[in-house]
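Heads up: the structure comes next, in structure tokens.
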């Protein structure tokens, strides 16, 4: 009897210790030992309570609602959660009702952050056009850059034998050029297809200078359109379907009809506010004069420079000095499109221009200030109809000599005699050129 009473008190003591928490790591094992008979315990065996306590965490690990809810509290901070809810909700493991509830809780916790960003991204993608929208106007004469710190050095009348070397120089200097090209001028553009494709592929800008350097101010609407579309079609075969949206009017000879047609065809019309006059100083000794014009133009705030890649002296001696001057001033030599803040996607179109209906087929009517004097010899097309003074070309004449002898600028000589060309390549012996209006 005493032994049983002793055993009863010992078992009761062990049960109390187990309920209060183990005082020694061996006590739970002792309570659970099978050698203590069940009938010695007047109340449920202490090991049953211990087993229940142990299995509770096991149950909670299988119920993902508990574990998911706890991270939700941490992840509901507005700073962190963005990428992770999308990943976790996408996992196929989250399929139970409890998990759906937890996910909904997490989603609602971050609604203020995600909903605003989602709506913002939705509205942006919906409004974004397939190509950037240009801010550069069509059919208006543009003479200067709009992006601070940029200069655009442009070249007319090519391509020609020196254009490839010009690209070498620009590439070596980390600069970009804009080429206003003709299909037929000093040479045929198809003979320089590889040069044109190289310029296009390396980020230089190719722009239109009409098909054959025509004086657009002497043409009717159909003639102007033809000069633009014929060059477009040739360029498209070279540049894999791309056609320029930028152009320069030969001789800067504008008329209201020219500008209206450029607006209708959606061309950006580029002039220049710096003239290097390299066509007048196409000798090694004349290079310093052209550099001086360039510096003076920059000092006056100019930013779009005019030069010609058809002159060897320009390419061999002038261009590097111009690029050095740009670097010295901390400026950047870029394309016209870039200096106007226009993305490269806008420099070209992939479909032919849309010709407006009702295009005029009549030639513009000349309105001279006074009737012209009859020429003493044959004249070339486009000569000024109000010319008062003529010079008949003789052997050895140059445009520079003719202009100097008659006290006029080369610009005026070329303007009054557009067929001669700004390089004086078509000064015909025995023909009369206008030297005064």
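Note: Cβ is positioned from N, Cα and C throughout, glycine not excepted.
When the ranges 350-384, 385-419 are checked against Swiss-Prot, the one recorded as region 'Disordered' is 350-384.
Matching 157, 264, 273 to the Zn(2+) binding residues that Swiss-Prot gives (209, 213) identifies 157. In the structure as shown, the Cβ atom of residue 308 (active site, proton donor) sits within 10 Å of 24 other Cβ atoms. Rounded to a whole number, the distance between the Cα atoms of residue 209 (Zn(2+) binding site) and residue 308 (active site, proton donor) is 12 Å. The Cα of residue 278 (site 'Raises pKa of active site His') lies closest to that of 157, out of the binding-site residues 157, 209, 213, 251.
Within the same chain, the residues at least 6 positions away from residue 213 (Zn(2+) binding site) whose Cβ sits under 8 Å from its Cβ are 157, 182, 184, 185, 250, 421, listed in sequence order. When the recorded positions 157, 278 are compared by the number of other CB atoms within 10 angstroms of each CB, 157 has the fewest. In terms of DSSP helix, strand and coil, the domain 'LysM' (389-435) has 17 helix, 8 strand, 22 coil.
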